[in-house]
Amino acid sequence: MRTLEDSSGTVLHRLIQEQLRYGNLTETRTLLAIQQQALRGGAGAGGTGSPQASLEIGAPEDSQVLQQATRQEPQGQEHQGGETHLAENRLYRLCPQPSKGEELPTYEEAKAHSQYYAAQQAGSRPHVGDRDPRGGVSGGGRRQDEALRELRHGHVRSLSERLLQLSLERNGARVPSHMSSSHSFPQLARSQQGPQPRGPPAEGPEPRGPPPQYPHAVMAQETAAVTDPRYRPRSSPHFQHAEVRILQAQVPPVFLQQQQYQYLPQPQEHSPPLHPAALGHGPPSSFGPPAVEGPPSAQATLGSAHLAQMETVLRENARLQRDNERLQRELESTSEKAGRIEKLENEIQRLSEAHESLMRTSSKREALEKTMRNKMDGEMRRLQDFNRDLRERLESANRHLASKTQEAQAGSQDMVAKLLAQSYEQQQEQEKLEREMALLRGAIEDQRRHAELLEQALGNAQSRAARAEEELRKKQAYVEKVERLQQALGQLQAACEKREQLELRLRTRLEQELKALRAQQRQTGTLAGGGGSHGGSAELSALRLSEQLREKEEQILALEADMTKWEQKYLEERAMRQFAMDAAATAAAQRDTTLIRHSPQPSPSSSFNEGLLPGNHRHQEMESRLKVLHAQILEKDAVIKVLQQRSRKDPGKATQGTLRPAKSVPSIFAAAVGTQGWQGLVSSERQTDARPAGDRVPAEEPPATAPLPAHTKHGSRDGSTQTDGPADNTSACLASEPDGLLGCNSSQRTPSLDSIAATRVQDLSDMVEILI
C-alpha cells in the first residue's frame, strides 16, 4: 500500500516539476488542479477518519480549482495523502500491493492512473448514499487470499491499459507528429502500430526512456488543434481556448466527462460514479467528443442521448459494484468458514495425537504394574518365611529365659540375707559417726565466735590507731599553722612598728619643713613689705593662703594617723577571721572522719569481705588526705588574700607619704598626686575582687595605674629587717636649699620610683614564700 502511494505521488511530483520547468501555463494549471484535488481528498479522509467525510465536498468546489491554481514550486506535499485515504478508495482496494520483486508501472501508465485517480475522486464525492456501509472492511482477510489478490492485480492492470488504449485511439489522429517523435512516451508510439492486449502484461522489465522533454512552445500543436475538424466548441467557457483543447488529448476521457458534467444543468449530480470496468467494455465512440458541429438543438439532442447512455452505464456500474461487494462478503464468509474448518481439523488432529499418546502411556503403565505386582508377591513370600523363622527363635529364647530366671531367684535369696546383715552393721557405724560430727560442730562454733571477737578487737584497735594518727596529723597541722601564723603575726607587728617609726620620722621632718617654709615666707614678706602699698594686699593673701595650707596639712596628717589605726584594726580582724575559717575547716574534716569511723563495717568472715578491707582502708586514707589538702588550700588562700590586701593598701600609704614631696607649689602637687593615688587604689581593689575565690597565685604585681611611692619599706632576702632606702633621697632633697627642691623632685623621682617598684615586688615574693 505504501509502495503504490509513494510511486504514484512521486510520478505526479516529477510530472509537475517538469511541466513547471518546460511546459506552458495552461497545462501547468491543469496538473496543479489535479494535484490539489488529490491532496484535498486525502486531507479530508485523513482529518475525519471516515469515508463519508471525503465525499461531502460539492461539485462547485471542483469547478473553481482551475481558476485558483497558480504556478508554484513543489512543496513536498504530494505524499501527504495518507494511507487512510488510499484504503478508503474503492479503486485502491481493488489494486494489489506490489511485492518487492514486482516491477513498478511505467511512466505513462502511472500518469494515466494518477489522472484517472483524481477524476474518480472528484466524481465520487457527490454520491454519498450509494456506498455500502460494509465497504470499509479490513483488508487483512483480503490480503490472505492470494488468488483474489492476483485477480485484482490483473483487473487493475487491464483497466489501466484499457484507459491508455482509449486515450491513444482518441488522440492518435490529432497529434501524430510530436507524440510519435517524443522519447518519453514509448508506449504511445507502440499503440499506434498495433492494439494492446486486454490481459495483464508480462512481468519482465519494460524498457523505459529518459524523462519527457516538453517543447518550450506549443504553437504547432495549437495550429493543428485548430485545424482539426474533430474539435468542436463546448458550452462551457473553459473549453473555448486552444490550450485546453490540446490538454483534452492528454487527459483520460473520464476526467473530461466529469468536467463536462459540472457545466451541464442536469439533475443527475448525485448519480453513482463511473466504474472502470464499464468504461473498459463500452464502445470507443461513446467516450469521444461530438464529431460534427451543429446548431444548439443538435447539441441538446446529442447531450440528452449522451446522458441516457451515461445513465445506463452508471446503473450497470452500480449493479456491478453491488455484485462485487456481495461476492466480497461471500468470499469473506467462506474464508472465515475455511479458517474455522482448518482450526477444527487442527484441534481434531491434536486430540487424536493426545489420545494415541495416552494409550501408549496407559499400556506402559499396565506393564509396569504387572511387573511390580509380581515383585511384591515374591517379596511377601520371602517375608512370610522370615517371620516364621523369627517366631521359632523367639519361642526357644523364651524357654531359655524361664530356666535362667528360676536359677537367679534361688541365688538372689541368699544374697538378700547377706545384704541385710551388712546393712545393720553399717547403720550402727553411721549413728556413731553422727554423734562425733555433732561434737565437732559445737567446737567449731565456739572457735568461730572466739575468732569473731578477736577480729572485732583487732578492728577496734586499728580504728583507734587510725583515729589517733588522724588526730596526730591534725594536731601537727594545727601546730604548723599556729607557727606560721605566729611568724606572720610577728612580721606584721614588726612591720607595724617600723611603719609607726617611719610615720613619726616623716611627721617630724614635715613639721620641720613646714617651719622652714613659714620662716621663708615671713622673710619674703618683710623684704617685700617696703615695696609699696600695692604689695600689702598680696602679702595678706599669701598669709591667708599659708594659713589655709597649714590647716589642710594638719587635717591630712590627722587623717593619715586615723588610716594607719584602722589598717591595724583591719589586719587584726582579718587574722581572727582566718582563724575562724581554719577552725571551721578542721571541724568539717573531723566530722567527715567521724562519719567514716561510724559507718557499718562488713564482717570479715567471708573471703570476699577480707579482700575488700584493704581497698576500703586505702579509700578512707585517700579521702582523709584529700580533706587535709583541701584544708591546707583554704589556709593558703586566706594567707594569699591577706597578702593581696596588704599589697593593695601599701601603695595607698606610699601615696599618702608622697603627698608633699615638693616645696614650691605644695597644694597643687598634693592634689594631683592624691587623685592619682586614690584612682590606683580603686583600680587595684577592683582587680583583686574580680579574681576567683580559688585563685592560688602567690602574689600580684601592683597595678600600673597606681602611682609608685616616693618612700617605702624594703627588706632583705629573709624579710626580717626593713630599711628606708628612698627616704634618704627624699630627706637629702629636703635638707638642701629651697631653690633646689623642685629640681630634686623632678630629677631624682624617676629612678627612685623604678627602684622602689623592683624592691616592692621582691619584698612581696619573699613574704609569700615565707608564709607558704
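Cβ atoms are placed via backbone N, Cα and C, with glycine included.
From the options 260-299, 380-419, 620-659, the stretch Swiss-Prot describes as region 'Disordered' is 260-299. When Ser335, Ser362, Ser684, Ser752 are compared in Swiss-Prot, the phosphoserine annotation sits on Ser752.
Segment annotation: Swiss-Prot labels motif 'PDZ-binding' over residues 769-772 (candidates 217-220, 437-440, 669-672, 769-772). A separation of roughly 87 Å, to the nearest angstrom, links the Cα atoms of Lys404 (ubiquitin cross-link) and Lys343 (ubiquitin cross-link). Mean pLDDT across the region 'Required for interaction with CDH1' (221-303) comes to 44 in this model. A simple way to gauge crowding: the CB of Lys404 (ubiquitin cross-link) has 9 other CB atoms within 10 angstroms, across all the protein chains here. Residue environment of Lys343 (ubiquitin cross-link) contains 10 other Cβ atoms, counted within 10 Å of its Cβ in all protein chains.
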